[in-house]
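For reference, the structure is listed below as structure tokens.
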Amino acid sequence: MPAFPDNFLWGTATAAYQVEGAWNEDGRTPSIWDTFSHTPGLVANGDTGDVACDHYHRLEEDLDLLAALGVGAYRFSISWPRVQPGGRGPANGPGLAFYSRLVDGLLTRDIAPVATLYHWDLPQELEDAGGWPQRDTALRFADYARLMGDALGDRVHTWITLNEPWCSAYLGYASGVHAPARTEPAAALAAVHHLNLGHGLAVQALRSTAAKDARMSVTLNLHHVRGVSEADADAVRRADAVANRAFLGPMLEGAYPRDLIEDTAAVTDWSFVRDGDEATACQPLDVLGVNYYNPTLVRQWDGAGPRETADGHQDGAASPWIACEDVEFVKQPGPYTEMGWNIDETGLTELLLRLHRDYPSMPTMITENGAAFPDPVGEDGRVHDEDRVDYLRRHLTAVAEAMEAGADVRGYFVWSLMDNFEWAHGYAKRFGIVRVDRDTMERTWKDSAYWYRDVVATGKLG
Ligand code: FCB
């Protein structure tokens with residue numbers, strides 16, 4: 001039974017738009033996700049984040065929940081339009097006050113605040129001005145980072161600049177299944193660059209504030225790409241370039257990979273990359289955040305017959321996989337979660353060991369891992385989510401195996417603390433270890449929450 005070190009950071013994660021609600025209160029202006037969810041047909045069941053888990057009004061209760069779980073850290077995100085309405089200009093006092101209460105409430109309970117600056121809720125005004133494909137958005141992001149560093153810098157344990165820029169760029173601007181629902185591949189690659197640049201500028205900005213001694217990080221949803229056979233090595237390379245090295249290159253090595261520039265030459269000439277940008281994107285980081293749910297399986301397409309697109313994103317529509325026209329995304333063996341994602345924890349061990357090999361001096365932290373399951377309420381009024389316990393146990397074992405093999409993993413955050421607004425799937429997919437009743441907003445511990453509490457308390461997997 002693997003045991004984790006005493007200083008291992010155990011946490012749970014959420015994101016502002018998915019839990020807060022109060023979308024138009026206290027000076028908050030709309031984000032691209034308000035616009036998206038209010039557009040008929042884009043989110044399942046017409047769900048929106050207007051109320052979400054009402055976390056904005058139930059802060060104390062949720063802080064007590066975290067304390068009862070005994071976690072050492074809580075990863076939350078800051079809603080940019082709540083603290084800087086419209087994405088420009090001065091801070092909004094009531095918005096800042098909310099996060100200040102959140103951070104103080106965590107510290108009082110001995111829980112380390114891990115703050116994500118950008119978990120996808122771009123102020124709508126900045127999208128109206130062009131969004132992430134525009135360079136100015138990166139500059140605005142740095143401005144916002146400075147403002148938050150000034151406000152909370154001395155109290156936040158770890159700052160995460162961006163959450164999953166892969167999703168922001170490719171799902172937001174290429175496949176359009178996320179806000180702002182654009183399907184423009186060239187714009188998506190410009191967004192990739194301005195997210196990388198914005199990340200670097202934000203770290204610089206934070207370091208110029210009271211946050212200078214805090215840990216700096218970014219969270220990537222790296223895809224662990226495997227080929228069906230050795231003949232598929234080039235398909236693996238291509239997918240890895242657009243999905244992973246498009247971010248790892250500039251952020252950790254100070255340069256875009258050559259093969260990425262070549263593969264995407266028909267889409268863009270990358271002229272939006274100015275001298276010095278790649279160096280700016282490459283700021284010293286203390287830890288790399290890794291979100292992992294499942295691996296990706298690819299095969300070189302031979303051009304005959306229909307191309308398999310089992311990555312869950314394609315449905316014959318615009319693809320997030322730019323310059324991967326000859327790559328097939330192959331259905332993987334089950335079991336599957338409620339998202340249709342296959343359960344395969346070996347990808348997590350392999351991914352962590354790859355990062356350890358490529359960036360030996362960069363510690364990692366699992367900033368998200370978890371699963372959606374149907375979660376019926378039993379006759380006893382409880383949720384016996386053995387499938388989630390099994391998923392979490394498997395993945396934590398996989399983390400322990402990577403650590404035994406040398407990977408420097410500093411922490412693990414379950415996605416998610418509670419059932420919440422799962423983006424285009426609305427409330428239909430439940431990821432929480434705590435159930436949220438949609439009518440009453442009542443929070444109820446699932447079996448996985450009790451299990452996780454014991455793991456956190458003992459550092460051992462029961
Ligand atoms: C990740 C997101 C997170 C949540 C999980 C299931 O891609 O960062 O907000 O939706 O997936």
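Residue numbers in this text run from 1 along the chain shown.
Glycine is no exception: its Cβ is also placed from the backbone N, Cα and C atoms.
Substrate binds His119, Asn163, Tyr293, Trp415, Glu422, Trp423 as TrEMBL records it, and from the list Gln18, Gln204 the residue named for this site is Gln18. Within 10 Å of the Cα of Glu164 (active site, proton donor), the following binding-site residues from the list Gln18, His119, Tyr293, Trp415, Glu422 place their own Cα: His119. Figure note: comparing Cβ neighbours within 10 Å for the recorded positions Glu368, Glu422, the maximum is reached by Glu368.
Following the DSSP three-state reduction, the secondary structure of Glu368 (active site, nucleophile) is strand. DSSP gives His119 (substrate binding site) a coil state; it is part of no helix or strand. Under a cutoff of 8 A between CB atoms, and with a sequence separation of 6+ in the same chain, the neighbours of Trp423 (substrate binding site) are Gln18, Trp33, Val43, His178.
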